[in-house]
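Here's the structure, in structure tokens; my notes come after.
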Amino acid sequence: MKTRRGACYSCHAAAAAAANGDAPEAHHRRKRRRTAAAEGSPAATAGVPAGCALGDMFEELPDDLVVSILRDVAASAGSPADLAGAMLTCKRFRALGQSKVVLARASPRCLAVRAKSWSDDAHRFLQRCADAGNLEACYLLGMIRFYCLGSRGSGAALMAAAAVGGHREALYSLAVIQFNGSGGGKDDRDLRAGAALCARAASLGHVDALRELGHCLQDGYGVRRSVADGRRLLVQANARELAAAVASGAATGGGKAAAASRRHACLLSDFGCRAAAGEAHAANRFLVDWFASRPLVQASAAAAAAANSAGTAAGSAEEDGALRLCSQALCGRPETRRHEFRRCSVCGVVNYCSRACQALHWKMSHKAECTPMDRWLDAGAAVANAAAAAAGGPAP
């Protein structure tokens, strides 16, 4: 029985202690010990390592277990914020999260840094991931350095490291660089090396590389000409494109969405049919956003300075000869010298870094917009004549 203050009568306390087989003094001592533990007294913290607060069980976890958990978080992260949030738990997690075992397993979405969020910290994070052997980080940082930061040598070296590891996007990007002679002069183009890199990327399942190789075989560009083999590779590229479009439609859900995806994805999209464009790589999205917020004239000046130091003809570029971006909206690659990309042979308005971008842009939008150059000239002459007639002067 208790009073209002919670104190027990001595008789009832003695009876309870006797029933438990304890002495009354031991019973009171045990109650005081539990109270001291609840208040965090030195008696409660006995046996706990120094510097660890009571109840902080993270400090008692082995390092191997924490690293294993952070590695799985990095591998399944949907954005860079997922891994950053786990590393901000405590100082120990932050230190272990920067280990090479964790950074080497970072997923592509975990490394997908945006251009508007680019900073020195983001640069260092990608560099640490690349040093840990992450192929995706090597490719992404290599593309950023090569095209955005003007560091051609280190960017190409990082992409080469990813390509040696079997990264198909890096193989295809190096093929585009070899075809165009990017970062150097026109004489630096190596068509055979570009075709070999395309073949390697195509063997790993890269659709654009397979399409590029098909056009190279049809035109005899860097390889021995074979129209039949080129056409066969183009059909294979479109078959893979169809399978990817159907799979994406099934992943988003059946019904009308999947039916619309099947209607837009045609087997012969390289031969005039329309097909839905796939999702761009994180490196291409970074290039698109980077040059959308920064004028390409700055990159043109950097390229001209690099060309002057290399002794190429691009150093004598005129002021009105600004560098151009690839007209394929999801590519984002810029020219590294004037007239590097090929123009449309019909209208001469759009330009492309590769045949794959040209084929994709043609079937998506340019087919309905392309107008022969002579029509542009005739229309311009007609407008000039009409303006001269209205002004009462002689026709130009």
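Here the Cβ of each residue, glycine as well, is placed from N, Cα and C on the backbone.
As recorded in TrEMBL, the features of this protein are as follows:
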- 328-370: domain 'MYND-type' (DOMAIN)
- 20-45: region 'Disordered' (REGION)
**Prompt:** For the domain 'MYND-type' (328-370), DSSP counts of helix, strand and coil?
**Reply:** 15 helix, 5 strand, 23 coil
**Message:** Across the domain 'MYND-type' (328-370), what does the mean pLDDT come to, as a whole number?
**Reply:** 87
